[in-house]
Ligand SMILES: [Zn+2]
């Protein structure tokens, strides 16, 4: 076989893989762009409905993110490096003035819009972050839609970026969790200093999920002065990505990991 043919043959799976990844991402963006003209920003009615939600409606089935995502992660990135950051600190990844312009897919019903409004209310009440309807002038913005499971980029990526909150993700804690990624935070159990606080039990982790247990890179990010938080909304539970039902995250002190 000529060398060139051999080279072509060996590259074929890689090219196919890249094509699928590229196609997948393009499809997501295409759907977001198609739906965007029909997007309606949250209204006064949605924010009023938000306050009438019951605990049961807000917390639903308490679905596990990784179960909804069929054992895949919820952070979309173009790299599969296992070194990750905790809270982004690069100025280009931050949202100027804490303002996050958004558009919402028309596929959400009134109840789901109330859930989104409740989550946004919480950010507005507890932080300086502001989720505000996208205007004509906004070039960098978030499209919230039922795209493909629960996922987000971390921080501002530039241009249109997608926050996918599909049917299984429409629970208040999940929405808050994914919005934290949008703001610029990685998972708590991926902090650089996590070994001081938790033990990762690799033997119990599904091998395909190893990259869900990366560690932060402190050169480009910061803990922002915060202690390790076992109860963080961004901390996976002790059975996350377990292949055998045994714990994958074990606290080094008596404080239980999220359950
Ligand atoms: Zn997450």
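Each residue, glycine too, has its Cβ placed from N, Cα and C.
What TrEMBL says about a protein is an automatic prediction, not a curated fact.
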Per TrEMBL, 177, 181 bind Zn(2+); matching candidate in 187, 189: 187
Count of other CB atoms lying within 10 Å of the CB belonging to residue 178 (active site): 22
Among 177, 181, 187, the most crowded of the binding-site residues [Cβ within 10 Å]: 187
Non-site residues, in chain order, whose CB comes within 8 A of the mean position of the CB atoms of 177, 181, 187 at Zn(2+): 74, 75, 152, 178, 180, 185, 186, 233, 234
Three-class DSSP secondary structure - residue 187 (Zn(2+) binding site): coil
